[in-house]
Amino acid sequence: MLQGHERSITQIKYNREGDLLFSCSKDQKPNVWYSLNGERLGTYDGHQGAVWCLDVDWESRKLITGAGDMTTKIWDVEYGTIIASIPSKSSVRTSNFSFSGNQAAYSTDKAMGQSCELFIIDVRNADSSLAEQTPTLRIPMTESKITSMLWGPLDETIITGHDNGNIAIWDIRKGQKVVDSGSDHTAGINDMQLSKDGTMFVTASKDTTAKLFDSESLMCLKTYKTERPVNSAAISPILDHVVLGGGQDAMEVTTTSTKAGKFDSRFFHLIYEEEFARLKGHFGPINSLAFHPDGKSYASGGEDGFVRVQTFDSTYFENIFE
């Protein structure tokens, strides 16, 4: 159990090796933890608003965060210093490094008279001058705002999940939409996470389902049904398992007994779509989930401001569907 945030967690992410766990919350300060023993290594101090998203590059050298103070910041992971701070005209909802680490993408909210926009920036030689540079690509979103985002293979495309349940793939060379999923989801998408090999990704939606999609065609492969909105979903890197977390919207939560099972992490079989386990822990909805890259543990961040790291016991790895 990692205690270091004063307000609800918005996103958690492991680095590629899995030794570091990054968390951001509505209390303005992203944290980094040593995932093995839960020791807090440091905080990234500099935002003036709720931090909505973060991502770390492959080499664990740079961290990107987007916040409600209308800035995207790039940090030095080791020293905690700000490399660049990029202003925008509304709050930043998603931010991701590309696989190569040469580029980063972020999206802004549709608010204060501003439309939602997707930006791509070159971060190879990132320094304070990045704030004045024009982004390499800027795509205005005319329909629904972006709520989550992934990079496609070879840094050629970006997959966006929207507030109306749509998913789209954008070709960043042409700057236009190449695939649209249509309306597989009937309500907003809260989270999208790729599988380890990048061939498919799982979505978490307010329509109470999580779905598995093909990364290239956006064909819906599987559906995992629950009774309440799903805030986050992640795919195990070693087994055919998906974990879902959610609960009601923060506004609708009353102090209910945890026995009601509303705030459990729920494990589904990737292929059979069957729920096989639930893990308790949080005193409120789960906002973000992440599997450790070795698949032997997972972390969850909740509305209660805690990050919980749970290690699986040996029985988890025995195939229960034989």
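The backbone N, Cα and C atoms fix where each Cβ goes, and this holds for glycine too.
Copied from Swiss-Prot, the annotated features are:
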- 4-43: repeat 'WD 1' (REPEAT)
- 46-85: repeat 'WD 2' (REPEAT)
- 141-180: repeat 'WD 3' (REPEAT)
- 184-223: repeat 'WD 4' (REPEAT)
- 281-322: repeat 'WD 5' (REPEAT)
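Mapped onto DSSP classes, the repeat 'WD 1' (4-43) shows 0 helix, 21 strand, 19 coil. Long-range Cβ contacts of the repeat 'WD 2' (46-85) within its own chain (Cβ-Cβ under 8 Å, at least 6 residues beyond either end) map to 7, 10-11, 13, 15-17, 20, 22, 24-30, 32, 91-97, 99, 101, 104, 106, 108, 123, 126-131. Sequence-distant contacts of the repeat 'WD 3' (141-180), counting only residues of its own chain at least 6 positions beyond either end whose CB sits under 8 Å from a CB of the stretch, comprise 93-94, 96-100, 102-103, 105, 107, 109-110, 115-118, 120, 186-194, 198, 201, 203, 205, 207, 213, 215-218. DSSP labels the residues of the repeat 'WD 3' (141-180) in these numbers: 3 helix, 22 strand, 15 coil.
Regional average pLDDT for the repeat 'WD 3' (141-180) in the model is 92.
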